[in-house]
Amino acid sequence: WIMGHMVNAIEQVDEFLNLGANAIEFDIDFDKDGIAQITHHGIPCDCGRKCTKKAIFTEYLDNIRQVTTPDDPKFREQLVLLALDLKLQRISSAKAYRAGEDVAKKLLDHYWQRGNSRARAYILLNIPLVEDYEFIRAFKDTLKNEGYESYNDRVGINFTGNEDLDKIRDVLEILGIHKQVWQADGITSCFARGTERLKEALEKRDTPGYNYINKVYAWTLVRKSIMRRSLRLGVDGVMSNNPDRVIKVLKEKEFADKFRLATYNDNPWEKFRG
């Protein structure tokens with residue numbers, strides 16, 4: 001999975017897909033009451049990027065629904081995964097539950113259209129810190145209460161704050177989540193990061209019977225040397241400001257026979273068995 005990073009303006013969706021991304025990540029900004037308002041990162045952000053691009057969240061969902069719906073004029077077959085980077089660290093943890101309710105309802109109304117949409121992308125909920133886990137509980141409660149619990153099959157969980165992996169496991173255990181879990185490891189492209197935690201996550205992913213990590217991705221990679229390093233370690237995905245660079249690396253002799261781009265037929269919740 002090649003995730004286009006910080007795709008917050010509607011016009012950026014095609015831009016990143018044209019560069020080779022098959023997944024996009026966008027930031028969701030909330031008001032003080034936990035209501036999702038806009039797709040927006042803000043300052044600071046990655047080096048060399050404009051931090052202020054934005055869209056109304058519901059309008060963004062309406063557009064991305066079309067982009068991921070077969071036979072729609074805007075349909076792009078390659079886009080199979082949407083990563084929602086939830087900026088919960090900007091609001092009180094007490095509002096995390098309200099935020100989870102709101103995002104679930106907006107997805108129901110504007111993406112899935114309560115069963116009337118054929119939009120097919122998988123959804124990855126990126127939670128910044130484990131202290132905000134009530135967002136996940138609220139999201140699942142809302143799908144159940146609204147009568148659309150089946151959409152849980154389309155939704156995965158990912159904690160992005162580089163916290164202790166055992167601490168993350170404990171929170172997932174509290175929530176009763178034993179599947180559909182991704183684990184991110186990374187840092188803004190402005191800085192270098194070692195591989196110790198990334199290797200630990202990959203080791204846990206590959207441990208038989210360990211159900212708290214199904215996929216691992218590294219972020220935000222812009223240098224080809226770091227992309228190669230991550231691929232050699234065996235990541236499932238790369239988040240990048242430059243998907244075209246990832247494509248070029250994947251075509252190199254060392255990787256061409258080991259990796260391919262994920263398609264809609266690849267289940268993002270299953271561990272890869274090579």
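Glycine too: its Cβ is placed from the backbone N, Cα and C atoms.
Residues annotated as active site in Swiss-Prot, with similarity to another entry given as evidence: HIS5. In the three-state DSSP classification, HIS5 (active site) falls within coil.
Neighbour density for HIS41 (active site, nucleophile): within 10 A of its CB lie 22 other CB atoms from the protein chains shown. According to Swiss-Prot, the feature active site, nucleophile maps to HIS41, an assignment based on similarity to another entry.
Taken from Swiss-Prot, the feature Mg(2+) binding site covers GLU25, ASP27, ASP85, and the record attributes it to similarity to another entry. In the three-state DSSP reading, GLU25 (Mg(2+) binding site) counts as strand. Cβ environment of GLU25 (Mg(2+) binding site): MET3, GLY4, HIS5, MET6, VAL7, ALA83, LEU84, ASP85, ASN126, MET239 lie under 8 Å away, each six or more residues apart in the same chain.
Residue density at CYS45 (disulfide bond): 21 other Cβ atoms are found within 10 A of its Cβ, drawing on all protein chains shown. For the recorded site, CYS45 (disulfide bond), the DSSP three-state label reads coil. Annotated disulfide bond per Swiss-Prot: CYS45-CYS51 (among others), in sequence order, evidence recorded as similarity to another entry.
Contacts of CYS190 (disulfide bond) defined by a Cβ separation under 8 A and a same-chain sequence distance of 6+ are given as ASP46, CYS47, in order along the sequence. Look at Swiss-Prot and you will find CYS47-CYS190 (among others) tagged as disulfide bond, backed by similarity to another entry.
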Checklist line | For the Mg(2+) site built from GLU25, ASP27, ASP85, further residues of that chain with CB within 8 A of the site's CB center | finding: HIS5, MET6, VAL7, ASN8, PHE26, ILE28, THR39, HIS41, ALA83, LEU84, LEU86, LYS87, ASN126
Notebook entry, point to check: Which of the listed disulfide-bonded residues (CYS47, CYS51) has the least company, meaning the fewest other Cβ atoms within 10 Å of its Cβ?
Noted result: CYS47
Notebook entry, point to check: Which number gives the other C-beta atoms within 10 angstroms of the C-beta of ASP27 (Mg(2+) binding site), all protein chains shown included?
Noted result: 23
Next item on the list: Between the Cα atoms of CYS45 (disulfide bond) and ASP27 (Mg(2+) binding site), find the distance and write it as a whole number of Å.
Entry: 11
Check: Rounded to the nearest angstrom, how far is the Cα of HIS41 (active site, nucleophile) from the Cα of ASP27 (Mg(2+) binding site)?
Finding: 6
Check: Out of HIS5, ASP85, which of the recorded positions is least crowded by other Cβ atoms within 10 Å?
Finding: ASP85
